[in-house]
Amino acid sequence: MTEPVSDQTALVLFSGGQDSATCLAWALSRFARVEMIGFDYGQRHAVELDCRAKLLDGFRAISSEWASKLGDSHTLAIPTLSAISDTALTRDVEIAMGADGLPNTFVPGRNLIFLTFAAALAYRRGIADIVGGMCETDYSGYPDCRDDTIKALQGAISLGMARDFELHTPLMWRDKAATWQLAHDLGGAALVDLIREHSHTCYLGERGERHDWGYGCGECPACALRARGWREYRTRTG
């Protein structure tokens, strides 16, 4: 854990998943105060939203400094996103690859919408720094996770709201193994164990089966990425 490099408040996109939990720790190590926002858009794995409370309790237990920095946790319902999307994340259909090379778990515009709503909330609360877990190093190919997309959106929302926002993506160039390592660097074994036990990644919302990397079906693309990253992390660290 390090001293904050900023006396400002950050807003973290916090879904209850591995990546967003790691980003929350990253923000807590760098900002004086941190607020969170999560989105309920009719996702099949909405159980991840329920994981946030236990994760936050765990963060407070790991560090009294982190506990003192944790601010409001917001939840925003966006049912319209599910209504206009026809994907395996919002419909009870089998996960498969599409003809365009993208898995049918891709929700068009999801991160663009999330970040725009986050910026609108940040504007109202006087926050300029927004943190998201987007990554194009070890991911499913979603175009709204790419670095150039995030940079373009940062410019657009800054212009559109006449406010200089900064979109931080600390995982952008890290693979999943490096994301596990970052969690360890930030909060030690306690944070790694917290993320394993209480974060949620599985697209199917499965929490009945426990693996060494956490809970999930073990078969969907999200579980596969998380499991592979865990194995590589354990190999690298011995």
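Note that Cβ sites are derived from N, Cα and C of the backbone, with glycine treated the same way.
Now, the feature entries from Swiss-Prot:
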{"type": "BINDING", "residues": "Phe14, Ser15, Gly16, Gly17, Gln18, Asp19, Ser20, Ala21, Thr22, Cys23, Leu24", "note": "ATP binding site"}
{"type": "BINDING", "residues": "Cys202, Cys217, Cys220, Cys223", "note": "Zn(2+) binding site"}
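For the binding-site residues listed here (Gln18, Ser20, Thr22), the lowest count of other CB atoms within 10 A around the CB belongs to Ser20. Ranking the binding-site residues Gly16, Gln18, Ser20, Thr22, Leu24 by Cα distance from Cys223 (Zn(2+) binding site) puts Gln18 first. Over all protein chains present, the Cβ of Cys223 (Zn(2+) binding site) has 22 other Cβ atoms lying within 10 Å. Take the binding-site residues Phe14, Cys217: by the count of other Cβ atoms within 10 Å of each Cβ, the lowest one is Cys217.
A gap of 15 Å separates the Cα atoms of Cys217 (Zn(2+) binding site) and Gln18 (ATP binding site). Cys220 (Zn(2+) binding site) falls outside any helix or strand according to DSSP and counts as coil. Cβ contacts within 10 Å of Cys220 (Zn(2+) binding site), excluding its own Cβ and spanning all protein chains shown: 21.
Apart from Cys202, Cys217, Cys220, Cys223, the Zn(2+) site neighbourhood in this chain, defined by C-beta within 8 angstroms of the site C-beta centre, holds Thr201, Tyr203, Leu204, Glu206, Gly216, Gly218, Glu219, Pro221, Ala222, Ala224.
The 10 Å shell around the Cβ of Leu24 (ATP binding site) contains 26 further Cβ atoms across the protein chains shown. For the recorded ATP site, residues Phe14, Ser15, Gly16, Gly17, Gln18, Asp19, Ser20, Ala21, Thr22, Cys23, Leu24 set the reference point as the centre of their Cβ atoms, and the other residues of that chain within 8 Å of it by Cβ are Val12, Leu13, Leu55, Gly133, Ser199. Under DSSP, Leu24 (ATP binding site) is assigned to a helix (H, G or I) in the three-state scheme.
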